[in-house]
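What follows is a short report on a single structure.
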Amino acid sequence: MKTLILLSALVLLAFQVQADPIQNTDEETKTEEQPGEEDQAVSVSFGDPEGASLQEESLRDLVCYCRARGCKGRERMNGTCSKGHLLYMLCCR
């Protein structure tokens, strides 16, 4: 009985592993069909409207991009952004 449960769990795990690359391929295809969405500039502001905040000057000039395939060069991932039902990486420098 334990062997049957173990084999069932392994089969389910194998199906899940095979299903994940298919979902990723579908998302990449949708992204490739819409060029120009990968590098969307986003202006990020920290602080209150009066500008009296305790932030560093480097944070005020933060430039971020929504990227589908990962951050480039000096950028680092600071979260996610979405367009429709697709999630992208929020890469800032």
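Yeah, the Cβs are placed from backbone N, Cα and C, and that goes for glycine too.
What Swiss-Prot lists as disulfide bond is C64-C92, C66-C81, C71-C91, and the listing cites similarity to another entry. Here Swiss-Prot flags 23-54 as region 'Disordered'. According to Swiss-Prot, the signal peptide annotation covers 1-19.
Here the features listed in Swiss-Prot are painted onto the structure.
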{"residue": "C64", "record": "disulfide bond", "DSSP (3 states)": "strand"}
{"residue": "C71", "record": "disulfide bond", "DSSP (3 states)": "coil"}
{"residue": "C81", "record": "disulfide bond", "DSSP (3 states)": "strand"}
{"residue": "C91", "record": "disulfide bond", "DSSP (3 states)": "strand"}
Could you tell me which of these disulfide-bonded residues, C66, C71, C81, C91, has the greatest number of Cβ atoms within 10 Å of its own Cβ?
-> C91
Among the disulfide-bonded residues listed here (C64, C92), identify the one with the smallest other-Cβ count within 10 Å.
-> C92
Rounded Cα-Cα span from C92 (disulfide bond) to C71 (disulfide bond), Å | 8
Write down the Cα-Cα distance for C64 (disulfide bond) and C91 (disulfide bond), rounded and given in Å.
-> 5
C64 (disulfide bond) versus C81 (disulfide bond) - Cα distance in angstrom = 10
